[in-house]
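S.K.: Handing you a structure now.
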């Protein structure tokens, strides 16, 4: 007897009778001709902030990479395992994607852990602690600030993580060369889970603002 979760099977049946049924030809075309996503999105693995849902995209439109706190480590050709770097290489070099969005979100658990000086490792490997070490200098600076509330510190580091990831994208030659040629665009966005608002980063100042108000 299968032990596969019943709720997921029910969701699959709903998908087959709904979205797949209406987009059957789209899926078949993607299977036969391959994917040609227009944008790569590097996002957090938080279940509340799915890029395909937030940007209302269909199958084959986005190439999505998700990890804790939407971090991009700097380019490091050291022979180790680099999941985000491998995905970036494939997106730029093979899929020829020329638009990358780094999307963070509010109430990020990884960011909260980075700001907690008393956070205990969840396992002997302390994988989250090691990973969030990419933001350690920025987190320390924010922790030392007496001018912000805890909520303001959280949002500040969430947005710093986006800026840092974009800066680290530029350490990859395949990205830097294309951007210098004017062939690659890098964008930052921050999604407020509680309000549904999307804030986008000004590429010149690094500040975040809401785009034009939504209209009916």
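Yeah, the Cβs are placed from backbone N, Cα and C, and that goes for glycine too.
Positions annotated as Zn(2+) binding site by TrEMBL: 44, 46, 105, 108.
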S.K.: So if I draw a 10 Å sphere around the Cβ of residue 44 (Zn(2+) binding site), how many other Cβ atoms end up inside it?
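M.R.: Around residue 44 (Zn(2+) binding site), other Cβ atoms within 10 Å: 26.
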S.K.: Using a Cβ cut-off under 8 Å and a sequence separation of 6 or more, which residues in the same chain sit near residue 105 (Zn(2+) binding site)?
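M.R.: Non-local contacts for residue 105 (Zn(2+) binding site): 43, 44, 46, 48, 49, 158, 190, 191, 192, 193.
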S.K.: Counting every protein chain present, what is the number of Cβ atoms, excluding its own, within 10 Å of the Cβ of residue 46 (Zn(2+) binding site)?
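M.R.: There are 20 of them.
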S.K.: Excluding 44, 46, 105, 108 themselves, which residues in that chain have a Cβ inside 8 Å of the centre of the Cβ atoms defining the Zn(2+) site?
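M.R.: Not counting the recorded site residues, we get 43, 45, 48, 49, 69, 70, 104, 106, 107, 109, 110, 111, 158, 191, 193.
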S.K.: When a 10 Å sphere is centred on the Cβ of residue 108 (Zn(2+) binding site), how many other Cβ atoms does it contain?
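M.R.: The answer is 24.
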